[in-house]
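Database features, via TrEMBL:
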type: DOMAIN; residues: A:28-138; note: domain 'PurM-like N-terminal'
type: BINDING; residues: A:Asp30, A:Ser45, A:Asp75; note: Mg(2+) 4 binding site
type: BINDING; residues: A:Asp47, A:Asp122; note: Mg(2+) 1 binding site
type: BINDING; residues: A:His54, A:Asp259, A:Trp309; note: substrate binding site
type: BINDING; residues: A:Gly121, A:Asp122, A:Arg146, A:Ser210; note: ATP binding site
type: DOMAIN; residues: A:150-300; note: domain 'PurM-like C-terminal'
type: BINDING; residues: A:Asp211; note: Mg(2+) 5 binding site
Number of protein chains: 2
Amino acid sequence: MASEFELIARHFTPAAPGPDAGVPLGVGDDCALLAPRPGRQLAVSVDTSVANVHFPAAAPADAIGYRALAVSLSDLAAMGAEPRWCLMALALEHNDEAWLAQFARGFHALCEASKTALVGGDVTRGQLSIGVTVMGEVAAGEALTRAGARPGDTLAVTGSLGGGAGGLALWQRGERDLGHPLLARYLKPTPRLAAGMALRGLAHAAIDVSDGLLADLEHVLAASGVGARLEPEALPLANGLREALGEEAAYRAALCGGDDYELLVSLPGERLDEARRRLAEQGLALTPIGTVSAEPGVKGVDIGGAHGWQHFPGGEP
Amino acid sequence: MASEFELIARHFTPAAPGPDAGVPLGVGDDCALLAPRPGRQLAVSVDTSVANVHFPAAAPADAIGYRALAVSLSDLAAMGAEPRWCLMALALEHNDEAWLAQFARGFHALCEASKTALVGGDVTRGQLSIGVTVMGEVAAGEALTRAGARPGDTLAVTGSLGGGAGGLALWQRGERDLGHPLLARYLKPTPRLAAGMALRGLAHAAIDVSDGLLADLEHVLAASGVGARLEPEALPLANGLREALGEEAAYRAALCGGDDYELLVSLPGERLDEARRRLAEQGLALTPIGTVSAEPGVKGVDIGGAHGWQHFPGGEP
């Protein structure tokens, strides 16, 4: 059986980063050394994906690797930051070489697609989980934050909603074909990095939809000190969601389901066309779903008190 | 029971960082925003501490929090980097408020002592583990790395060796008083940050002693393409180690025990006095323990093939 050092060397030492990667010293020393570009701020975040909490342990290993990075990159997307580097803390119950090779393939594939250099990590024994720290860059003063939504702003979301929850429901019913678009949405979400960067200078506020549209909207409203009115009939439901879940559950998935990793933005109505044009160039829709109001609270939806998904639900023993 | 968001807010939202902390936006958004200083490189590393693998789950919660940060900061020390920021990924089996408050106290205490701003993190449900990403700064070209040891160099270690393994042995025998210096060495190690910074410009190579002196020495030798002769009688054994373990086990602990978080450096003999003078100002010893040679391999020790500690020992099922 390979040792920890061999494991790391075999699967997680990527090809030496290119000269543009800003990595004077990569994997293999006590630290990596990175060269941030002058005039930029660093956007940093960490997200941990735990087996059978955040993803099914039986999912394909490449999807698990891809997804763990995607959910962290989604936080960079929400800030409008350009991804640069990541570190991975992997906990494994077993040392299964084939699984690990497939996991690494999925992780590296998204590193490559998003131009994110893996610059360090560690492997420990324990319940399967993947903690990914991402680092991106954004010019000082240009980052999108949760604060900044103003009364009168239009609320809009990229892509479609409910696909994450719909895919999870399909998985739980036994669907295993990642060719199914909802399952792919759940297991291999696309972080909206290019969209986040394109929305800089247009949006007043942004967040990624990870906990559920309503829960994430409430984070924006709280940070901005405002309220909102939603138009539920305007929500862009994921393709096939109604058919898979039925009308009511589809709306509930779109409002509360989480795991969509779309961007929710608040922007002045007069900038909507320009924002839609920029995202259309990426083949991505931007759909207005409501407006920001001065009065606190969310109007226009009645979902019986249901909120976004949390790891430690209130009231649970 | 508090939700994840409340948990994070209550215990891990530190006081707003001061103007010197380089944190334009701290905890609470999708990412933190950091302002690296011009002309510096970033040194980054992640280390995960898993209960009953890296530390006893029954250790005092403040020591667990302190230790998890210390082992990550030790990697910055080994690069000669100045600590700036950290992120924490915490997995918890139970939501025990009192434990969490004590854990956070230990973590924050070392943040403060080391001037490291906690800028983000997440909390998930799972087997108790703490992944800490640290970020530090070092002027371009000044970082200490594992490569660079040259034949003729003196090998030297800060502080004393074997205390980590000695403390673990005491813990396993039932000792619970953190007033015992060996137990304190194991549960609340001191990352040698000031020493690492003081050794910049003097040492050719450096590493922190986390896996055991021999194992870590071998990393330096491999990275530098050299060998070494050790003088085992010169090893600075931790106070009380012989009494606690006996002569032979004490030497084995110093050579192979790990968890000491001292620095092992390779430097030209003529710089040793200056290096010792700088560290003496910090109240820290620097002890020569051998020399670097051109022939590969380690001479001068016979420890029956024992090597540093690994999470997945070779040959284990």
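Using N, Cα and C of the backbone, Cβ positions are placed for all residues, glycine too.
When the C-beta distance to chain B is held to under 8 angstroms, none of the binding-site residues A:Ser210, A:Asp211, A:Asp259 remains. In sequence order, A:Val71, A:Ser74, A:Asp216, A:Gly258, A:Asp259, A:Asp260, A:Tyr261 are the residues near A:Ser210 (ATP binding site), counting only same-chain partners six or more apart with C-beta under 8 A. A gap of 11 Å separates the Cα atoms of A:Asp122 (Mg(2+) 1 binding site) and A:Asp30 (Mg(2+) 4 binding site). According to DSSP, A:Ser45 (Mg(2+) 4 binding site) is assigned to a strand segment. Cβ environment of A:Arg146 (ATP binding site): A:Ala205, A:Ala206, A:Ile207, A:His219, A:Val220, A:Ala223, A:Ser224 lie under 8 Å away, each six or more residues apart in the same chain.
Neighbours of A:Asp47 (Mg(2+) 1 binding site), defined as other CB atoms within 10 A of its CB across all chains, total 24. The shortest Cα-Cα distance between the residue listed as 'Mg(2+) 5 binding site' and any of the binding-site residues A:Asp30, A:Ser45, A:Asp75, A:Gly121 is the one to A:Asp75.
The binding-site residues listed here (A:Asp30, A:Asp75, A:Gly121) include A:Asp75 as those with a Cα within 10 A of the Cα of A:Asp47 (Mg(2+) 1 binding site). Take the CB of A:Ser45 (Mg(2+) 4 binding site) and look out to 10 A: across all protein chains shown you find 28 other CB atoms. Across the structure, A:Asp30 (Mg(2+) 4 binding site) and A:Gly121 (ATP binding site) place their CA atoms 10 angstrom apart. Residue pair A:Ser45 (Mg(2+) 4 binding site) / A:Gly121 (ATP binding site) shows a Cα separation of 15 Å.
A:His54 (substrate binding site) falls within neither a helix nor a strand when secondary structure is assigned with DSSP, and so counts as coil. Secondary structure from DSSP puts A:Asp75 (Mg(2+) 4 binding site) in a helix.
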